[in-house]
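J.: When I checked Swiss-Prot for this same protein, it listed these features:
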- 42-99: coiled coil (COILED)
- 1-4: topological domain 'Lumenal' (TOPO_DOM)
- 25-110: topological domain 'Cytoplasmic' (TOPO_DOM)
- 132-155: topological domain 'Lumenal' (TOPO_DOM)
- 173-200: topological domain 'Cytoplasmic' (TOPO_DOM)
- 5-24: transmembrane segment (TRANSMEM)
- 111-131: transmembrane segment (TRANSMEM)
- 156-172: transmembrane segment (TRANSMEM)
Amino acid sequence: MLSLILTIFFVHVAIYLVNTAGASTIDTALWALYLKLPTSTAKNAREQSRLKREVVQLNREMNNTSSQDEFAKWAKLRRRHDKAKDEYETINQALTSQKTSFDWAVKIARWLSTSGLKIFLQFYYSKTPVFALPAGWFPSIVEWMLSFPRAPRGSVSVQVWNSVCATAIAVMAEIFAAMLVRMRGQAAARTPAAKAQKTQ
């Protein structure tokens, strides 16, 4: 079992990653993975894309066929086009409904596994110290603030540790992003200089 310190830290890492990547990006990726599974929804999605290609192809053929000169051929294409389009719209409507249900389930699972878990930990472990502070190292008021609201005095509370983890992860991510931008800038600056030396 992970200690409370690491559990809270990993919950905040997960929250940060979800917020950084974006919920809609995660939803789209999970929907694409779900469509790879052998389910009826995946079968409907494949059928939908096949019908879409067929509708586009028939529409192209109708546009290339003169409705006055080749009316019989054009009318036959039109009937096939209308039938395929109706099938496509029916499957598309069912697929849209299934995607909405899937998105709802993913949003609930995502909330429960990140923010919901964070709130649960705050209430369940509100009187539990995350770790104890060395005796006499901090003034009484600082010990009280670090144990706020319900942890024993002389320890760090779950609420304070939550704030520390969230802030530390955000700061470390900013530092990492700045270092990455700087390294890319240096690499880009070296590339033109190296090309200039080769041409000389």
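Each Cβ is built from the backbone N, Cα and C atoms, and glycine gets one as well.
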J.: Would you mind splitting the topological domain 'Cytoplasmic' (25-110) into helix, strand and coil residue counts from DSSP?
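T.: In the topological domain 'Cytoplasmic' (25-110), the DSSP-based counts are 77 helix, 0 strand, 9 coil.
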J.: Of the residues in the topological domain 'Lumenal' (132-155), how many are helix, strand and coil by DSSP?
T.: 7 helix, 2 strand, 15 coil
J.: Please indicate, using numbers and ranges, the residues of the same chain that are 6 or more beyond the topological domain 'Lumenal' (132-155) and have a C-beta under 8 Å from a C-beta there.
T.: 126
